[in-house]
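Below are the features listed in TrEMBL for this protein:
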- A:12-218: domain 'Acetyl-CoA hydrolase/transferase N-terminal' (DOMAIN)
- A:Gly266, A:Val267, A:Gly268, A:Ser269, A:Val270, A:Asn381, A:Gly385, A:Lys405: CoA binding site (BINDING)
- A:Glu291: active site, 5-glutamyl coenzyme A thioester intermediate (ACT_SITE)
- A:322-466: domain 'Acetyl-CoA hydrolase/transferase C-terminal' (DOMAIN)
Protein chains: 2
Amino acid sequence: MEATIEKRLGLKELASKVMSADEAAKLISDGDVVGMSGFTRAGDAKVVPMALADRAKNEDIKIDVYTGASLGPEVDNYLAAAGGIRKRGPFIGDRGIRTLINSGDVLYADMHLSHNAEQYRQGIFGKVNYAIIEAVAITEDGLLIPTTSVGNSPIICETAENIIIELNITHPESLIGIHDIYVPGEQGQREPIPMTDATQRLGSIGIKIDPSKVKAIVISEEPDAPSLIVPPDEETQTMANYLLDFFRDEIKAGRLTNELMPLQSGVGSVANAVLDGFADAEFENLVVASEVLQDAVFNLIDAGKVRFAAATSITLTEELQERVYSNLEKYADKITLRPQEISNHPELIRRLGLISINTALEADIYGNVNSTHVSGSKMMNGIGGSGDFARNARLGIFVTKSYAKGGAVSSIVPMVTHVDHTEHDVDVIVTEQGVADLRGLAPKERVPLIIENCVHPDFKEQLWEYYNAAVEKYGNVQTPHILSRAFEMYENLEKTGSMKKQ
Amino acid sequence: MEATIEKRLGLKELASKVMSADEAAKLISDGDVVGMSGFTRAGDAKVVPMALADRAKNEDIKIDVYTGASLGPEVDNYLAAAGGIRKRGPFIGDRGIRTLINSGDVLYADMHLSHNAEQYRQGIFGKVNYAIIEAVAITEDGLLIPTTSVGNSPIICETAENIIIELNITHPESLIGIHDIYVPGEQGQREPIPMTDATQRLGSIGIKIDPSKVKAIVISEEPDAPSLIVPPDEETQTMANYLLDFFRDEIKAGRLTNELMPLQSGVGSVANAVLDGFADAEFENLVVASEVLQDAVFNLIDAGKVRFAAATSITLTEELQERVYSNLEKYADKITLRPQEISNHPELIRRLGLISINTALEADIYGNVNSTHVSGSKMMNGIGGSGDFARNARLGIFVTKSYAKGGAVSSIVPMVTHVDHTEHDVDVIVTEQGVADLRGLAPKERVPLIIENCVHPDFKEQLWEYYNAAVEKYGNVQTPHILSRAFEMYENLEKTGSMKKQ
């Protein structure tokens, strides 16, 4: 272990900063704003947050935590449960912190993930007192090499006053060279991002840090918490097949080739399962340009379907973690991890013409999508990068099963209770019932497509009845709605446990 | 006149295509998809659409019309009223077509204006049979010089099968050289847009057209319909003052300098009036990078406050039209007109760090903004470029008076009835009551700022009562809402003519 540390800690002047997690955690003060590494449970600091959680159990210490995206249990479960978090952003996924957000114990700011770097630059979160960043190594020339995610770590290291590094010796050394760190300058003074192909490298293998900011180095052996996605099922397979057929039609129409365009696939089980569907399809030489590489991407690389995959994090189930991290050399020239400012940058999403596939919590008959709120009030996860991608993609596709709660809930409703993706942003909706291609359509043209192609048969009649009643009452207006009835399916749900009409 | 035409029609091989508006209008067939020039009543074709309107009165001819943005009365009033339009996009503003959209006689697809060029490239609107484009000249080397707007004309000329040119000899020749036409290539094969400063020129002075596509040249002497904006009043002046004070605070915080950042200001009276407020302020060397240059911008150039202004159209009141177009030489090195794909491009908005000021129809207590729909159903104008700008701007600001209909309607409500700009996109809300700076805040942190700073005193108590009842009923969740009451202010309005609680 000593030899490993010796080797991983190339910048020798930092050797004196090595200390225990407890000692490092003592550097943090109540009220601090802390920027942390980590994106979708990957590459997050673990042992210092756990030490902080222990402190928070016994003393009044609450901090603001801004990260790349969702973290593993150390922060988003234990530190949160210990009362150590006042405010959290820009994305969460853990059930622990979700509960505390919805009980009002933790404030949560839900933000587009490509916007954070600008927010750090402008000091929107306040002065960042500490960065806590997981690294696989610190090179002789002062490059911090991130682990399984890059996220916002470069801009956090740049803007934070102090840096605590968790040097994680469990992550394989073969991660060195995987990352591609490019950070745009100030707005109004920056150059175009020089990427014209998603497989290009733009920057360096690590984050250039100011060694004088480093106040602690803590050795960690904690692995990333594995991804919690559930395996594909019959319905996600059906959705994947509908999507593949849609792509085949696009090829026939001359809008895509057999290599498609760079693919982005959102965080979570459904998006992963849909991507899995490519394994048996005829598309080849695929490129993935996403925010997270989940199991499906590595399966597709292994199957020779995907020739290159870029993202800002790698989030794998336990099984895939073992397979990938012990064979990382095999993937070294096929994957790269970029800052989320780059992976999610509107400039690149538009230029490269991405196909974006994200999960909807619910959609409405006019094509608005809710990704975040249950019944308009309770936070589920957050918008994440779905808005960055859907707004600027060549094709903005949303996938969802047509029903939830064993059939009591329809995922298509008259009016969504929270809008994360407006009718102007949603190109295609896919459920296990079928596909609705909404491009170029007026709201009233979308209604029959969405109801007939995407809604579960149990709810079709109910949605038609609402739409027809709205047209009857207010005429054939742009977007017929009866406001007093727009949410009646939720009122049914609250009263009876089912959205169905009684 | 003959001499003028001779001079303006440089490409002599097209002289044989000169014909009357009636003859040109006969080229169009029922069911055609027609792309037209024009953006916010500027630079639109006029005489051919009027001839088409005459035809539509007497025969069954309906076309789909896709433009830059809203057009003058020839298309959006007369042709529409004659039943000549089946479907319209991507933006409207005329009361005539608005009524027909809301009666179901015209279909309307409301789209982000920066997205249209990609939609043309992909053929989303179907095969474009005809382009009808207003020009001030056609040069010897085949460049079509647009008039007072560029809009989508370059991509329409590129993708349309046939082109009809309205050569408008009333527009001054001094427009030649004002335009800067740069068109990105196909997605996945294009270069970065090489603009790092909003005052840069990237392209040519006109649109390169394929002469063999030109099927008609029609001489026109019709001026642009003047802009219909109303002058600033005491309340818009108050809003401007609040905004200027907000900028002063940003300078104190080190986030802006006295030159601010490139300014975008939306279409319409309120945004124009707010911009007018800069005339007496201390900010200098301002740059405007917008989609439309309204009266205020020219007043600010004249006052020496604005050093350069770029947009995709010039839309002026009658008074300013006279002043500007008879002295255009004076502005030649201070303004430029670009394709809307460039003026509204997310790549440039983010890189240049724009300050974006757009008008809200209504906002809610959590910061979502409705720009398009009255009571969730009736189209007002359309989203236009507001989404392109607000999403990607350094500062996304929305302005609205706090009330409408003489005080019967509050512009701030518990839940907006249509979301065009999500809570993730709205940085700042300004009314004549004050400013709410929402950056980095959780929804519940936004509520007191919006209610206390922006809501009209007549409605504050009512909004607090709603919020408190929601917290009471469902607890301190992420975004407290009572769905059965979320729209009760509209129900009051429908029943009593006022949103106020009875």
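Just so you know, glycine gets a Cβ as well, placed from its N, Cα and C.
Keep in mind that TrEMBL annotations are predicted by a computer and have not been checked by a curator.
Note that the coordinates shown come from a computational prediction; the quantities given were computed from them, not determined experimentally.
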Round to the nearest Å and give the CA-to-CA distance linking A:Lys405 (CoA binding site) with A:Glu291 (active site, 5-glutamyl coenzyme A thioester intermediate).
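Their Cα atoms are separated by 29 Å.
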If the CoA binders are A:Gly266, A:Val267, A:Gly268, A:Ser269, A:Val270, A:Asn381, A:Gly385, A:Lys405 per the record, what's the largest distance between their Cα atoms, in Å?
26
Within 10 Å of the Cβ of A:Val267 (CoA binding site), how many other Cβ atoms can be counted across all chains shown?
28
Which whole number is the mean pLDDT over the domain 'Acetyl-CoA hydrolase/transferase C-terminal' (A:322-466)?
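That stretch averages a pLDDT of 97.
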Using a 10 Å cut-off on CB atoms, tell me which of the binding-site residues A:Gly266, A:Gly268 is the least crowded.
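Among the binding-site residues A:Gly266, A:Gly268, the lowest count of other Cβ atoms within 10 Å belongs to A:Gly268.
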Using DSSP reduced to three states, classify A:Glu291 (active site, 5-glutamyl coenzyme A thioester intermediate) as helix, strand or coil.
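Once the DSSP labels are grouped into three classes, A:Glu291 (active site, 5-glutamyl coenzyme A thioester intermediate) ends up as coil.
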Just the number: how many Å between the Cα atoms of A:Asn381 (CoA binding site) and the residue listed as 'active site, 5-glutamyl coenzyme A thioester intermediate'?
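Taking the Cα atoms only, A:Asn381 (CoA binding site) lies 16 Å from the residue listed as 'active site, 5-glutamyl coenzyme A thioester intermediate'.
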Starting from each candidate's C-beta and looking 10 angstroms out, tell me which of the binding-site residues A:Ser269, A:Asn381 has the most other C-beta atoms.
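That would be A:Asn381, with the highest Cβ count within 10 Å.
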Specify the count of other C-beta atoms within 10 Å of the C-beta of A:Gly385 (CoA binding site).
30
Taking DSSP states H, G and I as helix and E and B as strand, how many residues of the domain 'Acetyl-CoA hydrolase/transferase C-terminal' (A:322-466) are helix, strand and coil?
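Counts, helix then strand then coil: 51 helix, 38 strand, 56 coil.
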Please report how many Å separate the Cα atom of A:Gly266 (CoA binding site) from that of A:Glu291 (active site, 5-glutamyl coenzyme A thioester intermediate), as a whole number.
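With the alpha carbons as reference points, the distance is 7 Å.
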Do me a favour and check the Cα-Cα span between A:Val270 (CoA binding site) and the residue listed as 'active site, 5-glutamyl coenzyme A thioester intermediate'; whole Å is fine.
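Counting only the Cα atoms, the answer is 15 Å.
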Determine, from DSSP, whether A:Gly268 (CoA binding site) sits in helix, strand or coil.
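Looking at the DSSP assignment, A:Gly268 (CoA binding site) belongs to neither helix nor strand, so coil.
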Of A:Val267, A:Gly268, A:Ser269, which binding-site residues are close to A:Glu291 (active site, 5-glutamyl coenzyme A thioester intermediate), meaning a Cα within 10 Å of its Cα?
A:Val267
